[in-house]
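Trainee: Before we start, here is the structure in question, set down as structure tokens.
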Amino acid sequence: MLSWEPDLRTASIQREVPREPLCERAWVEVDLSALAYNIRQLKSLLAPKTALMAVVKADAYGHGAVTVAETVLQHGATWLGVATIPEGIALREAGIEAPILVLGATYSPEQIRAIAHWQLQATLGSPKQALVFSETLSDMSQPQPLPVHIKLDTGMSRLGTPWQQAIAFVQLVERLPHLKIASIYSHLATADSPDPTIMRLQQERFEAAIAQLQATGIALPRLHLANSAATLTDANLHYDLVRVGLAMYGLYPAPHLQTVVDLKPALQVKARVTQVKTIQPGTGVSYSHKFVADREMTIAVVGIGYADGVPRNLSNQLTGLIRGRRVRQLGAVTMDQLMVDVTDIPHLEAGEVVTLLGQDGRDRITADDWATTLGTISWEILCGFKHRLPRVAVGQS
Ligand SMILES: Cc1ncc(COP(=O)(O)O)c(C=O)c1O
């Protein structure tokens, strides 16, 4: 048995074990100290009246929603944002009591009953949806009105009522029984762009809608507009609450925002070497032999692949870190395994750890590095790690 192999008669699957879980070939490490640090850094940008909503949809961008929610609520976040009802229910089932806003659309009576039952809060994006909510709730014995959040479309062209129709929409919801407007919000389409023109246009539209509502004498609820990029860009975009995802996980939405505040990436992806071998010149590596050795080389097989979330399109372009040194990945990334060139790493043995994303020694590979190579965004990289990789919490919560 290799030294790192577990005794399968006694090994149990643990969700949270210390650094380098012995029985795993690959895992995602989530640094709770980094999450706490990022929340404190982001809070330092906010006025005392501005609340921080931690956006923990998509399993907290791949970091593990319950652990992330518990950690960030301890460090100053007071709201949670999810995309779907099951995401909200999972948090409630874990005993989390903070207000949870479902940012996505909910339409059916079953969904509305679940929202009420689990004390979630809903986004209302259209008059029709508001009517279904009110009708469904009138059939239930809800003691309190359901808090709902009015979504205005100011230029994202996604969920929401067009900003020009804000007054009619808000007046309708105000008149409907069983509903209480908890906030009015909108979402920015270009906050990560160095060119602020469209963001400012969206803000002007939001402000115009709010001013018109104020003129009708409606008492304004909580207002919010900012995602991570807007939170980092300008305090005038913060209003009463900011909805922060990416920055809380320690990544910057755009290079020009990197100097605003220091953030630490919370997620690392690690895997183990499972075999080391020498190959001769002319030997092909992996499917389709997209890499052929031009000299004698030592290669290591690593226990992670595209079924874990390492994009196959990174084949032959990926690097890893072993003992703080860069190693080049060779040939096609396969479903569960990939190969790296370890010719320059002496006496490497099965069981050693390869960092695919994260820090080892002084070197670091980031989700932005992968995103740049792939022509995508770091959000997609983070959300891409599959549940086959256990999430292992490290650092102090
Ligand atoms: C409505 C809404 N608000 C806030 C966020 C958080 O965005 P970011 O990760 O850029 O902070 C998202 C994420 O997509 C969102 O959909």
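Just so it is clear, glycine is given a Cβ too, placed from its N, Cα and C backbone atoms.
Grabbed the feature section from TrEMBL, which reads as follows:
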type     : residues       : note
MOD_RES  : LYS57          : N6-(pyridoxal phosphate)lysine
ACT_SITE : LYS57          : active site, proton acceptor
BINDING  : ARG158, MET335 : substrate binding site
DOMAIN   : 266-394        : domain 'Alanine racemase C-terminal'
ACT_SITE : TYR287         : active site, proton acceptor
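Help me picture where these features are in the structure shown.
Mentor: For LYS57 (N6-(pyridoxal phosphate)lysine), other Cβ atoms within 10 Å of its Cβ number 19.
Under DSSP, LYS57 (N6-(pyridoxal phosphate)lysine) is assigned to a helix (H, G or I) in the three-state scheme.
Around the Cβ of MET335 (substrate binding site), the same chain contributes GLY305, TYR306, ALA307, each under 8 angstroms and 6 or more positions distant in sequence. Taken residue by residue with DSSP, MET335 (substrate binding site) is part of neither helix nor strand, so it is coil.
In the three-state DSSP scheme, TYR287 (active site, proton acceptor) is classed as helix.
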Trainee: With DSSP as the yardstick, break the domain 'Alanine racemase C-terminal' (266-394) down into helix, strand and coil residue counts.
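Mentor: Tallying H, G and I as helix, E and B as strand, the rest coil: 23 helix, 52 strand, 54 coil.
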Trainee: Below 8 Å Cβ to Cβ and six or more residues apart, same chain only. Which residues does that give for TYR287 (active site, proton acceptor)?
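Mentor: Residues satisfying the criterion: GLY331, ALA332, THR334.
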Trainee: If you count Cβ atoms within 10 Å of the Cβ of ARG158 (substrate binding site), leaving out that atom itself, what do you get?
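Mentor: So the number of other Cβ atoms within 10 Å of ARG158 (substrate binding site) is 11.
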Trainee: DSSP secondary structure for ARG158 (substrate binding site), reduced to helix/strand/coil, please.
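Mentor: Where ARG158 (substrate binding site) sits, the three-state DSSP reduction gives coil.
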Trainee: Roughly how many Å separate the Cα of LYS57 (N6-(pyridoxal phosphate)lysine) from that of ARG158 (substrate binding site), to the nearest whole number?
Mentor: 17
